[in-house]
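Here is the structure we will look at, set down as structure tokens.
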């Protein structure tokens, strides 16, 4: 199209704080973002609504949703009937693999992103994994990302034909406060974003799950007012 | 449970000739199979019915279906509105990447199998890719399978804790005729299996798509009577 020579990049978007920041970074890097949200039977379907609002607010022209029903796989508090933990002491948050871990989730999400990248002729995929996450989630570690890139190039027609796929995880190594500061500089409106594992019917955050605790602390440490809508008393 | 100390293995099952043979091989290797069928918006939903019949006939106790809606990704004659080619000359079948290629399909299927393997505590995954396929499909090549194993071990909690995931592709290097002969020896009833890309409303095979042509030729070359139900005149 006339006036648009931008290269495309696929951005995995959940509508959360991290992936929304990554979307702003992909745009700042000069890419035309093709956003992919994965609906995987997560309890908090409010995420998808937020993802859609984020794409509208940020001028994304191509937003796609892939639905994957993981209930028959199970194994996570986010897809099965396991209670989401609340009010855990802060020093527990960064140790061990949380029960909200979804087995092989990032391998799955990146595989979906890879298929889409091949279809839209993008070679770059953005994913919002970060330092706080990868202390607990194995599939947030840089060595996983590198192994995925190797596999991706061998997995695809585009790879056979010479494309080398690159997975960018620009939040890797950043704290939540770093991410918020970077996003604010890029003009991200965090009031649209959603992080809570256990929101109420109106999509208000519980304020007490691990994800809420990390998010709240991030705003505090960044010195940025927290625009999140929390349930009363949280 | 008493009397059952078998190790589990996840078997990707489509209800087709290849994956049904692989299921028989996994059982012969001494595993308790956990079968995973992926419903990905393929035109031929008859596959899933066949997969279920196969698991029932072969005494599989654990059969799971994951639904992935790939229509918003597109890019394949199997998920989009592209015509399935018919009556191609045989010498074209093994050249180039077919339009029935689904972008990054095996990366996606194996990622789903990996998540399930982690949940059921299996370290072995069986997949029915074979020599005829990998001339055309990049994600059927042994080097892809090896790269996936590397990634899998880094992607998972189980991998962090010491499990090394193994992807077995026992049909790799076998022709269709070899596969049929091996399956017949293991007692596989191929009348239950389905291969056609474009079956009619009753699930009868068209006899003319690439998959039917390869299957028919396989039975001929194996010297085994073809039990497939074809549409009239095919």
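Each Cβ is built from the backbone N, Cα and C atoms, and glycine gets one as well.
From a predicted model like this one, the values you see are computed outputs, not experimental measurements.
Residues annotated as ATP binding site in TrEMBL: B:13, B:14, B:15, B:16, B:17, B:18, B:19, B:20, B:21, B:22, B:23. Non-local contacts of residue B:17 (ATP binding site) by the CB criterion (under 8 A, 6+ apart in sequence, same chain) comprise B:176, B:179, B:180, B:183, B:190, B:193, B:195, B:215, B:218.
Residues annotated as Zn(2+) binding site in TrEMBL: B:196, B:206, B:209, B:212. Just so you know, the Cβ of residue B:206 (Zn(2+) binding site) picks up 20 other Cβ atoms within 10 Å once every protein chain is counted.
Around residue B:209 (Zn(2+) binding site), a 10 Å sphere centred on its CB holds 24 further CB atoms from the protein chains shown. Within the same chain, residues at least six positions away from residue B:21 (ATP binding site) with a Cβ under 8 Å of its Cβ are B:128, B:171, B:179, B:180, B:182, B:183, B:186, B:188. Residue B:23 (ATP binding site) has a Cβ environment of 28 other Cβ atoms inside 10 Å. When the C-alpha distances from residue B:13 (ATP binding site) to the binding-site residues B:206, B:209, B:212 are tabulated, the minimum falls on B:212. Residue B:19 (ATP binding site) carries a helical DSSP state (H, G or I). Comparing Cβ neighbour counts within 10 Å across the binding-site residues B:13, B:196, B:212, the minimum falls on B:212. Taking the C-alpha positions, the distance from residue B:212 (Zn(2+) binding site) to residue B:15 (ATP binding site) comes to 14 Å.
The ATP site is set by B:13, B:14, B:15, B:16, B:17, B:18, B:19, B:20, B:21, B:22, B:23; from the centre of their CB atoms, other residues of the chain with a CB within 8 Å are B:51, B:54, B:128, B:193.
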